[in-house]
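Novice: One structure, as structure tokens, below. Some questions next.
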């Protein structure tokens, strides 16, 4: 009887914990069938990351803001327009060195974050109001920089830094890009190795952990997906530099949030700010750093988007912040703050990306895409709120 009950509860916990992963698999399979397999074409799988890379980068920064108490940044789409406009004008109109341009643009994004972080963290202006004002200010500045025109970005050095494909001479000269396969094998082996290492460390410290079968099945599935994705990449053009940027950012922020004391401060502030402050943590600084970081990543996204699209205009970045916010909440970040992971953000962003691509392949217009994405976001937040109430958190 007890074994049956335990098994039942473990199934419920599993479904709750991996609800969005299951949803991603179902949605992916559904669109694969509806598109007669076109979704699985190597080019489409490569474009999935190329077209949604900026969402993943933005969402990593947005996660830190949300962790502090369900706060968001409404200005990042406008910052992307402003920074992207700066890059386009400096490279195209002023013939500035692309490396210097990138540095200046990243500093500009950081300064925007510092500006907003100061008002939010130290003056305690509500984040919604501060970033709403920023949304208008930086959109206007972006249009002023662009002089209300569309400016093309065609410098090969700049484009290659963000959108080129990695090609190893002598290895990737044929129809198959073997470097992508090699990276896939290494990544898959690392997933298995890290699972074994983490279990050994937790056992050594006497920590409670999942069953070995559960952990290794999870690791095996992830490894298999990595291998399959890299195989598809090897059949098109290989690994894009955009993918390298995205993976690097996700790994860095996963390490910060999961492995460092600094990262835990964001969870602590979102969980109970008063208790966190009494424990000696400078909560003002935590808010400040969350939004300063968001500004920096918004600046990077401005560069990524300018390189991907090849031009910038006054409408660039419109509603981008909504994609980042949606990715976080769909990926399991709590609407109340204090809960969420980078892994969940990746799942949320991929779910939105698959919906966009699947509906585009089917020829469904943007209007219905907005309807579907809004419905998915609402369902994810409802799920979070209901779960929080049942667990006594809400």
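Each residue, glycine too, has its Cβ placed from N, Cα and C.
Annotations in TrEMBL come from automatic prediction, not curation.
Copying in the features that TrEMBL gives for the protein in this structure:
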{"type": "TRANSMEM", "residues": "20-41", "note": "transmembrane segment"}
{"type": "TRANSMEM", "residues": "53-70", "note": "transmembrane segment"}
{"type": "TRANSMEM", "residues": "76-92", "note": "transmembrane segment"}
{"type": "TRANSMEM", "residues": "99-118", "note": "transmembrane segment"}
{"type": "TRANSMEM", "residues": "177-196", "note": "transmembrane segment"}
{"type": "TRANSMEM", "residues": "216-236", "note": "transmembrane segment"}
{"type": "TRANSMEM", "residues": "242-267", "note": "transmembrane segment"}
{"type": "TRANSMEM", "residues": "288-307", "note": "transmembrane segment"}
{"type": "TRANSMEM", "residues": "345-364", "note": "transmembrane segment"}
Novice: Does the transmembrane segment (76-92) reach the transmembrane segment (345-364) with at least 3 CB pairs under 8 A, where each pair is 6 or more residues apart?
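Specialist: No, the stretches stay apart by this measure.
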Novice: When each of 20-41, 53-70, 99-118, 345-364 is checked against the transmembrane segment (242-267) for Cβ pairs under 8 Å, which one has the most?
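Specialist: The stretch with the most close Cβ contacts to the transmembrane segment (242-267) is 53-70.
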Novice: Could you tell me whether the transmembrane segment (288-307) and the transmembrane segment (53-70) are in contact, taking contact to mean 3+ Cβ pairs under 8 Å with a sequence separation of 6 or more?
Specialist: yes
Novice: Should anything in the same chain at least six residues away from the transmembrane segment (99-118) have a Cβ under 8 Å from its Cβ atoms, list it; otherwise answer none.
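Specialist: Contacts with the transmembrane segment (99-118): 73, 75, 79, 82-83, 86-87, 90-91, 130-131, 134, 138, 157-158, 161, 287-300, 302-303.
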Novice: Cβ under 8 Å, sequence separation of at least 6 from the ends of the transmembrane segment (345-364): give me the contacting residues as numbers and ranges.
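Specialist: Residues packing against the transmembrane segment (345-364) from afar: 20-21, 23-24, 27-28, 30-31, 34-35, 38-39, 44, 47-48, 51-52, 55-56, 59-60, 63, 250, 323, 326-333, 372-373, 376, 380.
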